[in-house]
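The structure under discussion appears below in the form of structure tokens.
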Amino acid sequence: MKKMSTKKETRTKNAYLLLEDGTIMKGRSFGCQANVTGEVVFNTAMTGYQEILTDPSYCGQIVTMTYPLIGNYGVNANDVESVKPQVRGFLVREACARPSHYRSEKTIEHYLAQQGIPGLEGIDTRALTRRIRQCGALRGAILMGGPEEKVWEGEAIAAKHCGAIMTMDEIRDLVPNEAYQTWKVHLQKLSQHLVSGPHLIEKVTTPQSYVIPGEGFRVAVIDLGIKENILRMLKSLDLQLMVFPAHTKVEEIQAASPQGIFLSNGPGNPKDATAAIEVIKNFLEPQKNIPIFGICLGHQLLSLAFGGDTYKMKFGHRGGNHPVQDLRTGRVYITSQNHGYSIQEESLPEFVEVSHRNVNDGTVEGLRHRHLPVYSVQYHPEAAPGPEDTAFLFDEFIANMEAKAK
Ligand SMILES: NC(=O)CC[C@H](N)C(=O)O
């Protein structure tokens, strides 16, 4: 007897997630139907999917959420961290088709379709996360279904592999050769996919410098893909913000005579942001004594400018509840995080103090110059999404500028 199709089945199409280690997972496409390639990373936040989708730090990445229900409070025009989604693709267990929230304007499916981002639902995102934790972040591709569909749907496969996460080789005899060969070609392409490079920051930085007026201190903001909420927080402090593209030369920034420098978050490997590192080195000259504050990528760039080193972590920190200890006070804060690189502590020069540490794995979460008003954090004090425990860090930046102005 022909199975009656439900509404959900008619709105979706089979699609696959292929990882560079040959893992293949079947799901249903939602949002835009397109093949994409990116670095697959997991985020453990229970809410905040809209902010995550639009955070420019995710540029070039395919994000999977460990929380099983995504889209339950819908999508609205205000909770975005940039003008469009920045992820390459989105993997969820269940995309909620009927959101319920007074601010909801559309479903996540509608939003991703409108914005040209492919989503994949029905993925066992926890099994996927375990695989990433074992192997480290992996390149992956979202592939729309092809000739393999009919066979994969077969009862025998379903029974044999129910709930399992499989590799292409494990199911080689169960799918038509044509499908296997297609996946092989995609696997080959995946191995050549560049997960980082200067192109990522160039995609998300402002094309031109601009000013956000305010009555307070003049702050040069180096935009490496800045989140809206960082700008909102800086604006709320009534600063006069001069926002510069990532590749701006130091002379141009100096000509604006900033009283403070803010270094933003951003995508990719910090070592690719060579122009910004040079700018920071210049402003670190002791006679300038200029207050600097960096968040996430900004923090990593600061450590490179100090002469320290960074490395790629196995699978990074992405979520809304990472415990971080302030080493001066002993106090632990719950922080929002989204990063795949970290600071090589041994590489730091003597004039730099490690101010914060991750309680889970001991990695460096904050730095402070011992003699200059310069500090940075790896986590996101601006939240969005996530806890607002450490918003006071912005006040310290103002205090540093006030101290210098006296
Ligand atoms: N949120 C960020 O600024 C991320 C910084 C950097 N791209 C990393 O992944 O570590």
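Don't overthink the numbers, they just go from 1 along the chain as shown.
Using N, Cα and C of the backbone, Cβ positions are placed for all residues, glycine too.
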Message = Need one residue: from S57, S82, the one TrEMBL lists with G266, G268, L297, Q300, N338, G340, Y341 for L-glutamine.
response = S57
Inquiry  = If you count CB neighbours within 10 Å, which one among the recorded positions G268, C296, Q300, Y341, E382 has the smallest count?
reply    = Y341
For the domain 'Carbamoyl-phosphate synthase small subunit N-terminal' (13-143), the number of residues DSSP places in helix, strand and coil = 28 helix, 49 strand, 54 coil
Query = When the Cα-Cα distance from G268 (L-glutamine binding site) is computed for each of the active-site residues C296, H380, E382, which gives the smallest value?
reply = C296
Query = Going by C-alpha distance, which of the active-site residues C296, H380, E382 is nearest to G340 (L-glutamine binding site)?
reply = C296
Task = Tell me whether G266 (L-glutamine binding site) sits in a helix, a strand or coil according to DSSP.
result = coil
Query = Cα-Cα separation of N338 (L-glutamine binding site) and H380 (active site), in Å?
reply = 8
